[in-house]
Amino acid sequence: MFTRPAYRQTPSSIYFLFLSIFAIAYLVSAMFPLFYALNHIDIQIQSVFFCKIRLYIVHVLGLILRYVVVLACIDRFATTQANIRVRSLSSIRMAVGSTIVMIVLCFLIAMHLPILMNIRNGVCGMIGLYKVIYSFYQITVVGILPPILMIIFSVLTIRNLWRRHASRLRARRRDRYLMRMLIAEVTVNIVTSIPYSANLIYGAVAYSSAGKSTKQIEIETFLTFFTQFLIYIISVAPFYLFLCASKPFQREFLRWISRCWHQYVLRRVQINPIREQTMTHV
């Protein structure tokens with residue numbers, strides 16, 4: 001959708017394009033090994049290299065999904081600024097450049113994962129003190145910093161719009177719908193980050209506690225699974241959010257579906273009877 005001509009002319013669409021690409025990569029890299037392990041030997045507990053690289057890639061892609069939304073919030077803030085120099089920061093070239101820099105930084109920030117992750121007792125994960133350190137790292141980099149930045153720049157953008165009387169602006173309607181799409185994406189990121197961060201905090205606090213009952217361990221395992229499941233939602237939720245929040249996106253999507261239907265389905269249905277009739281006549 002975001003490679004179509006209607007969505008290639010604004011920086012926000014470029015951020016949404018990157019979001020879509022990395023969401024697909026995140027979903028495949030996170031879920032495929034899990035489904036594969038249902039009926040095969042789990043490669044994560046057989047290969048130290050795969051254990052390290054898989055968790056590293058999934059973690060980095062998760063960071064990119066969050067911080068590309070942060071960049072989109074900053075872009076919307078720059079667009080609504082009265083200062084011409086600040087508004088000039090909102091450009092397709094800046095969107096591509098800032099996203100590339102952010103991707104490189106995400107790979108560098110998470111470099112400690114492949115170094116310190118390992119396999120112990122048949123489990124691929126954090127070991128010893130690193131488990132506590134990793135929890136606080138996740139809370140800061142994933143659970144706190146992105147939502148705070150999203151909220152700050154979203155509030156500043158809304159304030160700028162109110163100051164400039166957004167209803168009287170000559171901005172295109174498509175840009176206003178892009179703003180709605182961005183707010184919907186920010187909301188989902190915040191809602192999914194809160195339970196995950198709370199579970200990480202609890203895990204870090206309860207790490208040294210001993211004498212847990214079987215029932216308590218089962219509850220903690222379920223909560224961990226549930227909060228991680230919420231995190232996976234950020235890779236599939238944008239499509240449904242965009243359909244609900246943007247009428248132009250709905251129309252463009254339905255137009256594309258209709259074009260594919262006529263080109264690949266109805267066209268074949270119309271051609272087949274002609275071929276059969278010709279063969280019968282011969």
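Glycine is treated like the rest: Cβ placed from N, Cα and C.
Summarising the annotation, TrEMBL assigns domain 'G-protein coupled receptors family 1 profile' to 1-242. Residues or ranges marked as transmembrane segment by TrEMBL: 12-36, 56-74, 95-116, 136-156, 177-202, 222-245.
Listed as Cβ neighbours of the transmembrane segment (12-36) (distance under 8 Å, sequence separation of 6 or more from its ends, same chain) are residues 1-3, 42-44, 54, 57-58, 61-62, 64-65, 68-69, 71-72, 75-76, 92, 95-96, 99, 175, 178-179, 181-182, 185, 232, 234-236, 238, 242. In this chain, the transmembrane segment (95-116) does not touch the transmembrane segment (177-202); fewer than three CB pairs sit within less than 8 A of each other, excluding pairs fewer than 6 residues apart. Confidence in the domain 'G-protein coupled receptors family 1 profile' (1-242), given as mean pLDDT, stands at 80. When Cβ-Cβ distances below 8 Å are used as the criterion, the transmembrane segment (222-245) is approached by residues 1, 16, 19-20, 23-24, 26-27, 30-31, 62, 65-66, 177, 180-181, 183-185, 188-189, 191-192, 195-196, 198-199, 202-203, 253 of the same chain, each at least six residues removed from its ends.
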